Amino acid sequence: MQVHQESAITDSKQLTYDEALTQVGGEGFYQKRAFLIFGLQWLITSWILFSPVFFFIKPTIDCQSNAECLNSCTSESLDEKCLAYICDDSFRQEFVIGESLNTAFNALLPCHKTLQSIIQSIVYLGSVSGLIIFSFIADNYGRKMSMSISWSMTSLGALIVTFAMNYQMIAIGLFFLGFGGNPTITVHYSFINEHSQGNFREIQNVGVQVFFALGEFGIIALAYFITNWRWLAVSVAIPSILLNIGNLLIFESPQFLYTKNKKKCVKVLNQIAKLNGTQPINIDDLQSNPQIKENNSRVYSILDLLKYKSLRYVFFAGVMMFFAIKVTYYGISFVSDQLGLNFFTTNFIIAFFELLAFATLDFFITKLKRKTNIITGFFIIGLMSLYFLFQSDHIVFRIFEGIFAGMMRFLVCAVWALGYIYVSELFPSVVRSLALCLISAGGSFGSIAQAFLSNLCSSLHVHPMIGFGVICILCSLLLFPLRETLHQPLREKIEEDQTRIRKSMIHVNDSEKNTSYPVLLASDA
């Protein structure tokens, strides 16, 4: 009995993972360095995910005083009537002015709408594929392995686009850009939540999205001044290649290692302590994780998210939440040529509201309830979309169109920022990266669907912005059954597994009591 008591006292002196991270520093130099690297990768990924908008800027028309052309093309805009005239005879392409991918390789891509739609959506198809594959790698083989491989795929895609000689190579390059870029920035949330603590953890979760908004400003400015698509591709390729060096400065997530290998976890914690100038820990200082053996032999997949009752509905609701977010977010950019005064002015207004959303949210994120504010944001977006029931060419109306689009972007960005934090807090660490990536992958179908939704709305003579608003309201209803996570501790284990382990430990303790009772009687005798 005395031995058991001494063992219990020793165990009580050991540190939990959170206590160990506090000792080595959860808000120090290492976390700030990692945040800067993550932020730069978010900035470049912004350029990648907006490439279907800014690499494919619609060309203009210069009829060169040709009477037949002037009859069909009444303005510089390549509208449907003008496009039909130009596409009817390849010699008429001399009237087309533009250096985007729409006019590359001696072709006029808008004349082949199916091919154009496929190429423009391929980056999002790549995102879906990458998120599924790299989420599996992140939760089973490590966050760092997932990030390093996925970002190298991003660099490969950038190089292929830069040196592309035809649209087939463009499609392959864009696929790899999406295949690597989106999974990389998604796994950053696992890193941030697992190697950071306190308010700084929440600030980073929103801060990376500030970089994303700055990236949107960057790609708008680049596309305005660099009109040639190939030089625009070079401007994406160079920083994406250089940022592979940054990945070498990121350690594996210590919390991931805590679920796999205690010795490696302590090693990484001490590397963090060295950079942060704090006190290192000894391996005996850290409590052993009772699930290490099971976690090492277990491979998590989407089946686990569907099998467990505690995860199943949360996963479904998360997918639909991100579907609504991405339909609205990317849809606003894709229909930006139908909003406001002109393409670049409208996009600058939208980007300004996006940056404002992430920058202001950074100050309030630690106090905002996740669930309540996400649902409220969706409902307000739905109400604001009603403005687009009315149509007018009056300049004041057009200006307010751009402003309302910017305000809707502000709200959807706020919902997106809270949504990523909410999802990362809803799921236990053993499936956190898997859930984040798969939910983001499911949401990416919204990125693809928005183009088809826009066409459907046009055929019904309904503004696409109204469709985006309706989807937001419908998807918000699915979030009501979920729990609030503000100021709640992050979970390490799946609820059902934790219950099973607790019951088995109670059973073991009961067995020990039953076997020790006769021994005590004998000693008393």
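Just so it is clear, glycine is given a Cβ too, placed from its N, Cα and C backbone atoms.
Just so you know, TrEMBL annotations are computer predictions that nobody has curated.
Residues 98, 100-102, 109, 116, 119-121, 123-124, 127, 151, 154, 157, 174, 177-178, 181-182, 184-185, 188, 191-192, 204, 207-216, 218-220, 222-223, 229, 232-233, 235-236, 239-240, 243, 246-247, 249-250, 330, 333-334, 336, 343, 347, 447 of the same chain, all 6+ positions outside the transmembrane segment (35-57), place their C-beta atoms under 8 angstroms from a C-beta of that stretch. Sequence annotations record features per position, and here TrEMBL assigns transmembrane segment to 35-57 (among others).
Per TrEMBL, domain 'Major facilitator superfamily (MFS) profile' is recorded for 44-487.
If you look up TrEMBL, you'll see 118-138 (among others) marked as transmembrane segment.
TrEMBL lists 145-164 (among others) with the feature transmembrane segment.
If you look up TrEMBL, you'll see 170-191 (among others) marked as transmembrane segment.
Feature annotation from TrEMBL assigns transmembrane segment to 203-226 (among others).
Marked as transmembrane segment by TrEMBL: 232-251 (among others).
Taken from TrEMBL, the feature transmembrane segment covers 313-332 (among others).
Sequence annotations record features per position, and here TrEMBL assigns transmembrane segment to 344-365 (among others).
As annotated by TrEMBL, transmembrane segment applies to 372-390 (among others).
For 402-422 (among others), the entry in TrEMBL reads transmembrane segment.
Marked as transmembrane segment by TrEMBL: 434-453 (among others).
What TrEMBL lists as transmembrane segment is 465-482 (among others). Taking Cβ pairs closer than 8 Å, the transmembrane segment (465-482) reaches residues 313-314, 316-317, 320-321, 323-324, 327-328, 331-332, 335, 371, 374-375, 378-379, 381-389, 405, 408, 412, 426, 450, 453-454, 456-457 in its own chain, all 6 or more past its ends.
Within the same chain, the transmembrane segment (118-138) stays apart from the transmembrane segment (402-422): fewer than three Cβ pairs sit under 8 Å, each pair at least 6 residues apart. Here the transmembrane segment (402-422) touches the transmembrane segment (203-226). Their Cβ atoms form 3 or more pairs under 8 Å, with each pair 6 or more residues apart. Cβ atoms under 8 Å from those of the transmembrane segment (232-251) belong to residues 30, 33-34, 37, 40-41, 44, 47-48, 51, 54-55, 144, 147-148, 151-152, 154-155, 158-159, 161-162, 164, 191, 195, 222-223, 226, 268, 271-272 of the same chain, restricted to positions at least 6 beyond its ends.
When each of 145-164, 313-332, 434-453 is checked for Cβ pairs under 8 Å to the transmembrane segment (170-191), 145-164 comes out on top.
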